[in-house]
Structures are given as C-alpha cells and as structure tokens.
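Report on the structure given below.
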Amino acid sequence: MATKHNWTKEEILEIYNKPLMQLLYDAATVHREFHDPNTVQVSTLLSIKTGGCPEDCGYCPQAARYHTDLEGNELMSVNQVKAQALRAKSSGSSRVCMGAAWRNVKDGPEFDNVLEMVRTINKLDMEVCCTLGMLTENQAKRLEEAGLYAYNHNLDTSEEYYKEVISTRGYEDRLETLDNVRKTNVTVCSGGIIGMGEKAEDRAGMLVSLARLSPQPESVPINALVPVEGTPLEEQQKVSIWEMVRMVATTRIVMPQTQVRLSAGRTDMSREGQAMCFLAGANSIFAGDKLLTTPNPDVNEDMLMFKELGLNVQKPFEKHEQRKTVEKEDSKIGALGEKPKWTRPGHQIDRNLEAQNKKVKA
Ligand code: SAM
Ligand code: DTB
Ligand code: SF4
C-alpha cells in the first residue's frame with residue numbers, strides 16, 4: 001500500500017513548521033489527489049446523555065467532578081432522537097453523531113436503547129456515528145449489527161501529554177477501544193484537541209499515533225479547545241487560526257485519505273479562517289447551533305458560507321464508495337513500486353504525482 005504509516009514525530013514537525021504558504025500548497029495538493037476539494041461532509045451532534053460523567057478529562061464540562069453550569073440529563077428516548085435526526089437531515093446533514101457522557105458502555109437496557117437509536121437513524125438513510133466511551137469487542141459487534149457507520153473515540157493528544165489532562169484512564173485504553181472497533185466493519189473516527197497547553201511536539205505525537213493505525217482512521221476530528229468555566233482548562237488561551245490551519249494541513253498530509261473534520265472551536269473562527277482550513281484539507285464539519293454542550297455556528301450561517309465558497313454538501317455514504325476506489329488505485333501504485341513523493345520525508349509535492357497517478361489509472 002502506498003499510504004505511509006511509519007511517520008516519525010520529527011518528520012511531522014518538519015511539515016507542521018513549514019512556511020505557511022508552502023504548507024497550504026502541499027496540503028491542498030494532497031487533498032486534490034484524494035478528495036473533491038469542493039465537497040464537505042456535514043454531521044450533526046446529538047448529546048443523548050449529558051453530564052454526570054465519572055472521568056476527569058480536564059477539558060470536559062460533562063465531568064461530574066467539575067463545577068460547571070451544565071444541566072445534565074438522562075438518556076434521551078428513541079423518539080426524541082428520531083425527531084432530532086429528521087431535523088438534522090432536513091437541514092443538510094448526512095450523519096448524526098450521538099454522544100454519551102459515559103466512561104464506557106455497560107450492557108443493559110440503556111445500551112439496548114442506543115442500539116435501537118442506531119437502527120432508527122439507519123432507516124432514515126443517514127450515516128450513524130456514536131461516541132459512548134470505551135467499548136468491548138462484543139459491544140462493537142452489536143453496534144455493527146445495528147447498522148453503526150462510525151465510532152468516535154479520540155486520542156485527544158500525544159501519549160506523553162495525555163497524563164497531564166486525564167488520569168482516570170490511559171492512552172492504551174483508548175487504543176484498545178479503537179482496536180475493538182477495527183475488528184468490525186464500523187469505520188473509525190479519532191482525533192484530538194489543540195490548545196490544552198500542549199507543545200507542537202505533542203500535536204505531532206498525536207498524529208504519529210493516528211497515522212500509524214492501519215488502516216488509518218476514516219475520519220479525524222480536529223477540535224480547538226473550548227475553555228469552559230469550572231474545568232481545569234478554563235484559563236487556556238484560545239488557539240490562533242494559524243495553529244488550526246497548520247494542524248489541519250499536517251493531518252491532511254499524513255493521512256491523505258481521511259476526512260479531516262473541523263470540529264469544536266468554529267464559533268471563534270472567521271469565514272476566511274474556515275475557508276483556509278478547507279483549502280488546507282478539512283472536508284467535514286459539525287453543523288447545528290450546539291456541539292454537545294457548547295455553542296456552534298448557526299446552520300443557516302454555515303449554509304451561507306458554503307454558498308459563498310461554492311462548497312457542496314456530501315451525500316450520505318458517498319465517501320465510503322469513493323474511498324474503496326482510491327484504495328484500489330493506491331494498491332496499484334504500491335504494486336508498481338512507485339511511492340508518491342509526498343510519502344517520503346521532507347519531500348516537496350510536485351505535479352509529477354498527478355501525472356504518475358494518471359499513468360497508473362490508464
Ligand atoms: N465520553 C465519550 C468519550 O470521552 O469518548 C464521548 C464524549 S466526549 C465529550 C467526545 C470528545 O469531545 C472528547 O474526546 C474530546 O475530544 C471532545 N471535547 C470534549 N470537551 C471539549 C472541549 N471543551 N473542547 C473541545 N473538545 C472537547
Ligand atoms: C469530536 O472530536 N468533537 C465532538 C465529537 N467528536 C463528539 C465533540 C466536541 C465537544 C465540544 C465540547 C462540548 O460541546 O461539550
Ligand atoms: Fe466523560 Fe467523555 Fe467528558 Fe471524558 S470527555 S469527562 S469520558 S464525557
């Protein structure tokens with residue numbers, strides 16, 4: 001396979017620190033090799049069980065131990081979820097991502113209800129994603145049988161910095177859940193947060209861990225920390241747009257086939273800033289006026305931005321089919337023994353890659 005998995009932190013840092021114009025150009029070039037640059041996927045988040053979480057993730061307003069203003073609630077009903085999914089579909093979303101403030105999934109009536117929610121949304125011809133905390137292999141299989149399309153479980157940061165932010169579970173636990181999801185046909189969504197006080201080395205370290213997964217995650221959300229009063233990270237400085245653009249561009253280059261999702265933090269970004277992220281290879285967003293518990297741009301504003309930028313909304317399941325085709329082409333490149341230049345460390349991308357790929361396809 002031509003996809004490079006053995007990235008080192010140094011190689012990734014070299015990319016992250018390139019002069020911005022070069023980085024943007026390189027990332028945009030890779031983006032065009034694997035994706036339609038004018039199509040963006042739109043997901044809607046739904047917090048099906050809010051607050052009261054026993055974990056101590058330093059960024060999270062849903063952790064019971066922090067004194068935030070959050071009003072928690074019990075698991076939503078299947079009917080409530082169906083109504084919200086229909087609303088999301090009518091406003092252009094192709095995917096619903098259901099989040100629960102759980103440490104891990106427990107077998108029982110609540111999980112049975114979540115499985116029913118998955119079946120219900122699936123019948124609406126929408127992609128269904130869940131983010132419910134840690135999963136066993138058996139639970140991943142049951143979600144697959146119910147029709148789950150994607151499972152979100154973020155690595156959040158580098159293995160080294162993780163301990164500074166969360167103590168109630170380890171990096172290995174996160175990787176184990178991703179592994180359990182990979183044993184099924186459910187696609188993997190895993191990314192992280194920037195702006196938690198980590199260094200550029202930690203951002204690169206997180207990308208090393210994600211890029212080494214084989215296959216690489218089908219989607220990678222890049223969140224800017226939303227500092228919430230009452231959490232240990234409430235005083236963190238907001239990240240600059242340049243850091244976001246660099247992170248998106250680097251993610252695009254090291255994981256060329258993935259959907260890079262511009263996630264939390266968009267309320268602080270201008271349209272121009274977001275446009276730069278799309279140019280750098282972001283091709284997915286969370287839409288709807290709320291993320292899980294914090295604000296997100298108004299959906300009408302987003303659609304206006306799409307119109308201004310000439311962006312189209314991706315249809316449900318469209319990417320899955322495209323990716324299968326790209327993987328086939330990818331293995332042909334591997335068979336010819338010609339690795340695309342951008343998979344070699346420190347190499348500038350050039351137009352030969354395009355010509356080379358055309359030759360392979362011919
Ligand atoms: N409890 C589950 C878990 O931790 O996997 C699912 C829900 S959890 C809220 C999903 C993700 O939201 C976290 O992994 C983190 O990346 C992101 N997140 C939570 N709070 C955030 C914040 N204040 N700013 C940015 N991202 C945040
Ligand atoms: C992800 O990476 N970001 C989303 C989704 N996956 C679940 C969540 C962002 C949450 C931001 C804080 C909040 O709204 O509570
Ligand atoms: Fe709980 Fe998930 Fe928030 Fe951590 S990120 S406190 S596990 S809801």
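For all residues, glycine too, the Cβ spot is worked out from N, Cα and C.
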Candidate from Arg32, Arg261, Arg266 that TrEMBL assigns to the same [2Fe-2S] cluster site as Cys97, Cys129, Cys189: Arg261
Neighbourhood of Cys129 ([2Fe-2S] cluster binding site) by C-beta distance under 8 A, where only residues 6 or more apart in the same chain count: Ser43, Arg95, Val96, Cys97, Met98, Leu148, Tyr149, Ala150, Tyr151, Asn152, Cys189
Whole-number Å value for how far Cys53 ([4Fe-4S] cluster binding site) lies from Arg261 ([2Fe-2S] cluster binding site) (Cα to Cα): 25
